[in-house]
């Protein structure tokens, strides 16, 4: 796979983002990425947090970056200049596990190991309300209509839904899982909440029926660390300590008979985070191996590995136009990667030629790769068409492995 490394010193904060990187003979001071011809992904390092950066997001039409940290602060960054715009701090008394942003970019929601969920005014940086729980709050997410906040707890393995304006509890789902909830999020229709846990299960809670409509037991062979929906709400992607990602056709329920699509051999360590691009053509993942993987979903292969963080990658994001990848790490930094010209990198092109057989999908007639397929099975459809009308046992489940924290 094309591996892009990020050595050397970070650029000075405040420097404008330059055009694609110059030839290798350019001066060290103007360097964006490394100078290997095979690795032509410009990147920028954002430094400002004093501890692990737990989550990151693009916002304000991709002109800003929002990040939260174990240093108990949330920071807003200007993408073009790489400088801090706003700091939200001095309210949480323990590490912030996650931050989430309302669709109108006016409020920030944070969850913390201090057992609280807080709302902040994006413009002033002032805290609007706080909710206290009895256990550590491991995750938070705001609905796509901005009306509700869902949070995951270690106490009673619960999921809590709160009114985002009045800060009143709407629903408390006790013992939703058999172990600590690691991640929870709303679907784009604001009617279901997906949650994953140390118990290896995936659950979908229907907010209208007020009941669990889908339970996937042993969805992975180890702890499930993250989950995310595609923007159309059809697919759910899950990331696990078993080093794989899985894509589940949730809307049609076809996974019940044919299982998920498995993305594997992309990381050497437990996968900690995942996110679809808006058009669901890419999935980006981060892992304990300190790397970020960019997956081409239609062709079913890993097109890029982004390397450079000094510790495990805690969260990832992708811009609306798919030109930028954002990653946050336990090394206290964020990295902004420009993948706009990734398809023209020699290593990516060479990987397509050598590492996989390209065939034409019999349904949509588009090319796809056999890299992720079981050699013992004849596959004639791309990932998207297999998700729509899959063939039983396209891919085997990975073996059980231990978490490698």
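Residue numbering: from 1, along the chain as shown.
Cβ coordinates come from backbone N, Cα and C, glycine included.
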Residues flagged as region 'Disordered' in TrEMBL, choosing from 1-32, 33-64: 1-32
Within-chain partners of the repeat 'WD' (174-215) [C-beta distance under 8 Å, separation at least 6 from its ends]: 138-139, 141-145, 147-148, 150-154, 156-159, 161, 221-229, 231-233, 236, 238, 240, 248, 250, 253
DSSP residue counts for the repeat 'WD' (306-347), split into helix, strand and coil: 5 helix, 19 strand, 18 coil
